[in-house]
């Protein structure tokens with residue numbers, strides 16, 4: 001068989017005559033017959049092959065000559081090659097636009113022509129296809145063709161709509177052309193939507209339904225499409241990234257794709273903000289309020305800086321946007337305010353400034369309380385000064401906690417209901433002030449946003465414990481007036497419970513200082529890493545508790561045989577110097593033993609000690625269980641925990657600058673508004689500013705019911721609408737500038753990274769071929785049609 005295919009030589013280069021003629025030398029087991037099992041298309045004629053070859057080589061005059069000679073219609077101008085490409089597709093891939101126009105004029109058709117042009121990003125071909133007017137009215141227009149392609153039942157080589165494909169390629173020019181054709185895009189339904197349409201699509205083909213949703217979101221996440229179709233591209237990028245993050249948690253099969261699209265939206269918002277060139281543009285962008293957000297009318301009339309867009313970025317967890325250099329520089333300017341010279345001072349002067357403000361913070365608070373609108377009051381109102389004053393107030397609270405333990409009266413140790421001391425009342429004032437501050441934040445931020453901050457959660461728990469502590473002290477003082485030794489008290493006596501809650505609240509009070517580390521570039525990343533590690537430890541507990549519960553059940557059933565000691569013991573199990581199996585007589589005791597065994601605080605003997613010399617099997621089973629527990633928990637799970645914590649720390653370390661700047665921005669924003677200017681306990685004193693606001697609001701409400709008041713209110717609303725409209729117009733102007741700069745920078749980046757690729761070489765080859773054919777035509781040379789198959793060497 002091989003000799004018949006290659007009569008001169010075989011595969012090894014030997015002559016065919018040298019092959020043995022014995023039939024046994026060509027056994028059927030030594031060869032494998034190959035056969036094309038795919039659908040065999042009708043082979044093209046010689047003219048059709050010539051036609052496709054001329055289109056491939058870019059020979060305009062040869063293509064035109066073949067089409068002109070096809071008056072009888074013998075040539076099928078829609079023929080395809082072995083790859084399934086027709087003349088239009090080949091011409092688009094080679095970027096021969098003049099031949100493409102010629103083919104369209106002669107009626108060549110291709111359902112995939114527009115998709116091929118978009119996929120190849122040949123802008124000229126897309127323009128020709130969209131603007132081409134066919135001679136025959138029976139042919140479908142481009143709009144109808146796009147509608148056919150968008151139909152799920154229509155099958156093409158690339159099963160995707162043109163606008164979706166253009167968005168996937170992120171080609172701004174092609175998308176501009178397509179959007180002029182009044183195209184539409186199906187709106188993706190929410191994940192888990194149970195409407196009739198989604199249920200039918202999911203039931204018919206769940207894979208196609210999921211892939212279609214992914215293609216739609218790839219289109220919506222295209223920066224080019226966002227810039228073209230959205231008036232507020234930054235807000236749209238925020239919303240899309242949040243939706244894509246939610247989809248990645250539901251559509252776990254396509255998690256990587258959705259997470260990559262979410263990162264793309266975040267980077268687009270960041271790159272768009274990076275195009276701002278001055279502080280005025282940054283102020284317009286970061287203070288813009290969308291129509292869906294609540295508006296601060298008083299702040300708008302007073303031209304107050306609300307940083308609504310920045311707060312929205314933090315809400316959507318846009319770390320790239322917030323940590324962008326322009327945004328951080330603007331935040332620094334707002335943070336220091338009228339104390340901008342503080343950053344340029346020497347370190348010693350910085351320390352002296354902080355210590356001076358920290359020592360005299362009560363005097364400064366009283367000055368602001370009396371004259372908040374004075375020059376001195378405006379300086380105190382700056383976020384940096386508020387941070388120092390609030391910090392000094394909190395350190396004073398911690399100092400009172402230390403004094404509380406130092407001045408504890410030993411004479412009242414056995415008093416079941418001791419009275420409150422002066423220092424107790426001071427602590428209560430501070431606690432009421434901190435609670436009032438949390439209530440104001442809860443009122444303005446809402447419950448959901450308030451609980452998202454771990455700092456607010458810790459503050460809520462801490463204040464609740466302090467409230468419960470002093471409430472129990474009051475109850476104990478009113479109910480108990482006797483003296484008795486503490487060992488004779490009830491285990492849940494109000495005084496004992498109050499002392500326990502107070503001790504735990506003190507621990508949380510000092511741990512709250514961790515959040516002040518966020519302002520430091522050295523301690524801040526460590527504090528963020530610790531928070532991430534605690535989250536990972538919570539995930540680890542889900543696995544550890546299951547293992548602990550499993551071994552606890554086994555050991556309790558093994559040793560809980562109702563054995564009780566006749567002697568009264570002061571200790572049980574691992575708490576005794578001589579540990580024995582009596583610790584496993586209860587579920588809690590077994591949990592204690594297994595838990596402390598991890599830290600080598602429980603001896604292995606308690607797992608294998610026998611109640612009698614005949615219970616060797618029980619001892620052996622106990623040894624096997626503790627050995628298995630030692631392997632699973634002590635060796636495997638603890639090492640897994642170490643690996644998880646190391647991974648969390650490394651993840652934060654790799655993005656240390658971004659994570660720290662984002663956390664610092666969240667802390668700074670809590671001091672930017674004027675809701676909590678004074679620290680505890682001065683914030684519980686009604687200030688003149690608050691009284692003036694209340695009187696002003698009451699007078700406006702009364703005047704609004706009069707004729708003059710209604711006119712004044714309408715004028716105020718009209719002024720407010722004009723200011724809002726003016727701000728929106730300024731925002732659109734700035735956004736147009738940012739979009740234009742973004743496109744320019746992307747074009748320059750593509751040009752700077754443009755190198756000699758296969759496409760560039762192919763384009764050069766086509767240009768040389770066109771030039772050669774034009775020279776031949778000008779000189780009068782005519783190439784034979786069949787000479788194209790056999791060119792001269």
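Backbone N, Cα and C atoms are what each Cβ position is placed from, and that goes for glycine too.
Residues or ranges marked as Zn(2+) binding site in Swiss-Prot: 189, 193, 195, 198. Taking Cβ-Cβ distances under 8 Å and a sequence gap of 6 or more within the same chain, the neighbours of residue 198 (Zn(2+) binding site) are 189, 209.
Marked as compositional bias 'Low complexity' by Swiss-Prot: 15-28.
Here Swiss-Prot flags 571-576 as disulfide bond.
What Swiss-Prot records for 1-30 is region 'Disordered'.
For the repeat 'ANK 1' (46-75), the DSSP counts in helix, strand and coil order read 22 helix, 0 strand, 8 coil. Here Swiss-Prot flags 46-75 as repeat 'ANK 1'.
Helix, strand and coil residue tallies for the repeat 'ANK 2' (83-109), in that order: 16 helix, 1 strand, 10 coil [DSSP]. Taken from Swiss-Prot, the feature repeat 'ANK 2' covers 83-109, and the record attributes it to experimental evidence.
The repeat 'ANK 3' annotation in Swiss-Prot covers 111-156.
Here Swiss-Prot flags 158-180 as repeat 'ANK 4'. Counting only same-chain residues 6+ beyond the ends of the repeat 'ANK 4' (158-180), those with a CB under 8 A from a CB of the stretch are 112, 114-116, 118-119, 121, 123, 126-127, 130, 146, 149-150, 215-216, 218-220, 222-225, 227-229, 743.
Residues or ranges marked as topological domain 'Extracellular' by Swiss-Prot on the basis of experimental evidence: 405-422 (among others).
As a summary of secondary structure, the topological domain 'Extracellular' (476-496) carries 10 helix, 1 strand, 10 coil according to DSSP. Residues or ranges marked as topological domain 'Extracellular' in Swiss-Prot: 476-496 (among others).
According to Swiss-Prot, the feature topological domain 'Extracellular' maps to 559-623 (among others), an assignment based on experimental evidence.
If you look up Swiss-Prot, you'll see 387-404 (among others) marked as transmembrane segment, on the strength of experimental evidence.
Among the features that Swiss-Prot reports, transmembrane segment is placed at 423-439 (among others), with the record citing experimental evidence.
The transmembrane segment annotation in Swiss-Prot covers 456-475 (among others) and rests on experimental evidence.
If you look up Swiss-Prot, you'll see 497-517 (among others) marked as transmembrane segment.
According to Swiss-Prot, the transmembrane segment annotation covers 537-558 (among others), on the basis of experimental evidence.
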In contact by Cβ distance (the transmembrane segment (456-475), the transmembrane segment (497-517); 3 or more pairs under 8 Å): yes
For residue 195 (Zn(2+) binding site), nearby residues of its own chain (Cβ under 8 Å, 6 or more apart in sequence): 189
Cβ packing number for residue 189 (Zn(2+) binding site), 10 Å threshold: 15
Predicted model, mean pLDDT over the topological domain 'Extracellular' (405-422): 72
Three-state composition of the repeat 'ANK 4' (158-180), taking helix and strand from DSSP: 16 helix, 0 strand, 7 coil
Selected stretch (most C-beta pairs under 8 A with the transmembrane segment (423-439)) from 387-404, 537-558, 624-644: 387-404
Neighbouring C-beta atoms (10 Å sphere around the C-beta of residue 193 (Zn(2+) binding site)): 11
